[in-house]
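As written in Swiss-Prot, here are the features:
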type	residues	note
SIGNAL	1-24	signal peptide
REGION	25-114	region 'Alpha-1'
REGION	115-206	region 'Alpha-2'
DISULFID	Cys125-Cys188	disulfide bond
REGION	207-298	region 'Alpha-3'
DISULFID	Cys227-Cys283	disulfide bond
REGION	299-308	region 'Connecting peptide'
TOPO_DOM	333-362	topological domain 'Cytoplasmic'
REGION	335-362	region 'Disordered'
COMPBIAS	343-362	compositional bias 'Low complexity'
MOD_RES	Ser356	phosphoserine
MOD_RES	Ser359	phosphoserine
Amino acid sequence: MRVTAPRTLLLLLSAALALTETWAGSHSMRYFDTAVSRPGRGEPRFITVGYVDDTQFVRFDSDAASPRMEPRAPWIEQEGPEYWDRETQTSKAQAQTDRENLRIALRYYNQSEAGSHTIQRMFGCDVGPDGRLLRGYSQSAYDGKDYIALNEDLSSWTAADTAAQITQRKWEAAREAEQLRAYLEGTCVEWLRRYLENGRETLQRADTPKTHVTHHPISDHEATLRCWALGFYPAEITLTWQRDGEDQTQDTELVETRPAGDGTFQKWAAVVVPSGEEERYTCHVQHEGLPKPLTLRWEPSSQSTIPIVGIVAGLAVLAVVVIGAVVTAVICRRKSSGGKGGSYSQAASSDSAQGSDVSLTA
């Protein structure tokens, strides 16, 4: 669930902000809010999505025919009507707050009302294997650039520019960090524990990665060795290449972990090697689903085009998923507004899992 945090300053998260990874054995809950203005086409659109670890579990879209917080995972559907009513009202309040925030931001940055602008925010908490808070965070952005962020001490702010410094001063005067910290250490952790228990079969599972190495000639003198890990969960994984036992980190091309479209993830790491020296290179894979790290080599006799076909198909699905996720995430971070003074603020409510409203009121 998300709780509404007290009113003061907080806004804007970078459009490129991605889900951050947690430590092994830890779990996270995050909400991503986005408000986008669209002059001449009605009120700004507001979307929020909630994630537990790498699984989306709720979503709200102000453009829906009947805007409500909606379930996105089977295990959250067991929550009763009061939960959905409360989360819906929290999201609607945040949507209204962010609409005001967008207007205030125009004044902060001396911008015209003719253009489209975006406010984004990510906030949430991580807990360790013992269920205790490891880290809390709240980061905001405006038009894809950092705006203001809660520091790791959960008691101070880092402002990215002079406009954000206005917000920082107002939040400090209102002791906004204290209220947000209370949410992160209390409500956020409590709801995360509840979700982990209710969704334990999904959220606390460990799907073992399917691994193999492929060989791709570049010229008569060089070839690319690519180490694949497919179908794993959770998303945290380590792929490294070694040459004669020495890490090749600087020479490794490593892609970001990607959703496969079926609730699992994919990743690969590649190195360019001299032809004829392939046997000197080993790929090392570490993942929660493995009893011990794997060591792989390219086996010339075992290479097949079948895995590649499967990967291409998976990446095709991935493309659709990523596009949808980007649209959602870039249209899904949560801010709240209120008032005309020109100061961002958050509003906290005691029993909503969402965490905090952000608004620019004086």
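Cβ from N, Cα, C; glycine included.
Around Cys227 (disulfide bond), taking its Cβ as the centre, 27 other Cβ atoms fall within 10 Å, counting all chains. Residues within less than 8 Å, Cβ to Cβ, of Cys283 (disulfide bond) and separated from it by at least 6 positions along the same chain comprise Thr211, Val213, Leu225, Cys227, Leu239, Thr240, Trp241, Gln242, Ala269, Thr295, Leu296, Arg297. Under a cutoff of 8 A between CB atoms, and with a sequence separation of 6+ in the same chain, the neighbours of Cys125 (disulfide bond) are Ser28, Met29, Leu133, Leu134, Arg135, Gly136, Tyr137, Leu184, Glu185, Cys188, Val189, Leu192. Around Cys188 (disulfide bond), taking its Cβ as the centre, 30 other Cβ atoms fall within 10 Å, counting all chains. DSSP classifies Cys125 (disulfide bond) as strand under the three-state reduction. Summarising model confidence by region, the region 'Alpha-1' (25-114) averages a pLDDT of 96. In terms of DSSP helix, strand and coil, the region 'Alpha-3' (207-298) has 6 helix, 54 strand, 32 coil.
According to DSSP, the region 'Alpha-1' (25-114) comprises 33 helix, 27 strand, 30 coil.
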